[in-house]
Ligand code: DGJ
């Protein structure tokens, strides 16, 4: 045979044996406006991911996508499986699922069975693809909810079986994703108390990189489940392809980034299987949490606006609504107050012009008064010495002053020095045979136990029953699960390895009951600072506390980092005494979200008070744009001596621009560079005014000038930031 004929034969053979090109396959596109994930069966009926990226104009084009890549080397031909399994030997990558069947066999081979597509009442497309084990009656439904306009995808699985006994799930991820690019840049977030959301950029190389939590509660204490993964090159605000999102689970999470032998990305996201093998009875169903993400092809700005819009429209409680400005007493008094002092603070709150007074920690406990953090937690009765007339008196007094009243609770926790601990030791998570371990002198209640759930629900319910006009709750959670043993699971002969999952589910049950009865009362999610920020809990909370670090300079960075994943309406920022910056700087930073104060309002100097009063009025004037508008991050403080961020309303007629000096070394009087605005209408004419000018200072520029949107977005505007004007807030309005 001559060489030409040999070559021809090889081509014919490769076509004949190439399963992807020629077997009867099923292609399942999951699409939003700009993003598509395409699944397709191979000749063995294994479901593969054949495209993750831009939606194509013609859906039939997806059918040949699989053939474009040669992911067929032996032992690595399942790397792009739609749901990777442990237990068939030709899967070389990290499994999304690992099980032991009722008969003790631990193999799994999932093949495509069927799919269905529906439209949800809110207009999302729900695709459910059923996979079945080739031998066992064991099923996995892969679920995809695609939000067209927001380019957001929610992905999770539902696992079920009809085997003769329990199946043990050793791993049960929500999703795996396969990305076909060649280089990956991960931004993940480390942290600790008062240091939340510290970004870390890592170029991922072949092998495994994991972000995870094992803390049980307060899962974001040392890292978060938010991440962004840029493809081919690091993304900027306006350029690059980037996947951004989080695992929406208030508990132990694990997100694994495996760069495989093809240098492609196999990403597995789910509940952390650590200490969490789950026994699933026949006929029951295990629903995993949602892995929620967007893919932007125009950098992180578009990506975060997608996530923010989606949260406001469909996830965050009352995301399209209003919020209350407030004065909190935590840093003004700590545990040291009584009812007279509080009533005095109400006057300060009213005088400032905020909507609500928020009473923080320290109001409860009698046998063990809550005068420090080592006693009283769990005993939710007013301390008679501090508050002889109880909470109703305070609510009433606040009402008389014309402000609303809110209260702090931490209902999942208990101090060993408490009546709750004495009466209900079996409700406390603890290892009976070992010494107790404390975090902030406290322990965690066992929310796997329905009685403990009732108790936690009762804390909120009793407060509302006695105080129907209570207007706000701050729900704190300061301790991780250190003593991971449940008496309830033990008594009911359930495995201790269910604890972390059932705790999280137990908490959600309580919150569901609270919201069924009190659907809209604003509640702030707080966790010893920003220890809890997952999207699932935000279904029950209107806002969250980002960090106890309120140093305004550090806060610029913290708020910047959170802003990639959350809308400003959900982000609580308080003006406090932290930091060396002037009061104006602190107020300007806190105004870039949901504004609050935690200061001794009555002790403010007259000019400071007058400034705050005016700043609150200004905030009330532009809050609607901050809460419901689009955010553009204009100047990155990690790359410049300043940060600049702007919010624009839907009509592109009104905008607020926040500018902060972030490098306090000598910058003299020379103003920094102009800032190029975004999101305006190039054809419209705008006027710029300076807001929050302190005392009798004058605006730093001529306010009568008119600029085109085109000019402001291409030449920019110089807010004239310098050491004497370290923060400048601008209002940009169309004529
Ligand atoms: C931690 C919170 O982050 C603070 O704001 C405050 O509420 C304290 N707990 C109270 O103990």
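Each Cβ is built from the backbone N, Cα and C atoms, and glycine gets one as well.
Reduced to three states, the DSSP call for residue 548 (active site, proton donor) is coil. Here residue 548 (active site, proton donor) comes close to 193, 194, 528, 529: these same-chain residues lie at least six apart in sequence, with C-beta atoms under 8 angstroms from its C-beta. TrEMBL lists 548 with the feature active site, proton donor.
Counting every protein chain shown, 25 other Cβ atoms lie within 10 Å of the Cβ of residue 474 (substrate binding site). Taken from TrEMBL, the feature substrate binding site covers 193, 360, 361, 440, 474, 475, 476, 477, 478, 526, 548.
The annotation domain 'Glycosyl hydrolase family 36 N-terminal' is assigned in TrEMBL to 45-281.
Positions annotated as domain 'Glycosyl hydrolase family 36 C-terminal' by TrEMBL: 643-719. Across the domain 'Glycosyl hydrolase family 36 C-terminal' (643-719), DSSP helix (H, G, I), strand (E, B) and coil residues number 6 helix, 26 strand, 45 coil.
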* Of 361, 476 (the binding-site residues), the residue whose Cβ has the fewest other Cβ atoms within 10 Å -> 361
* Helix, strand or coil at residue 474 (substrate binding site), per DSSP? -> strand
* To do: Provide the number of Cβ atoms within 10 Å of the Cβ of residue 193 (substrate binding site), excluding the reference atom itself.
  => 17
* **Largest CA-to-CA spread of substrate binders 193, 360, 361, 440, 474, 475, 476, 477, 478, 526, 548, angstrom** => 18
* To do: Could you please provide the mean pLDDT value for the domain 'Glycosyl hydrolase family 36 C-terminal' (643-719)?
  => 94
* To do: With an 8 Å cut-off on Cβ-Cβ distance and a minimum sequence separation of at least 6, pull the same-chain contacts of residue 478 (substrate binding site), or say none.
  => 218, 373, 410, 413, 439, 440, 442, 527, 528, 531
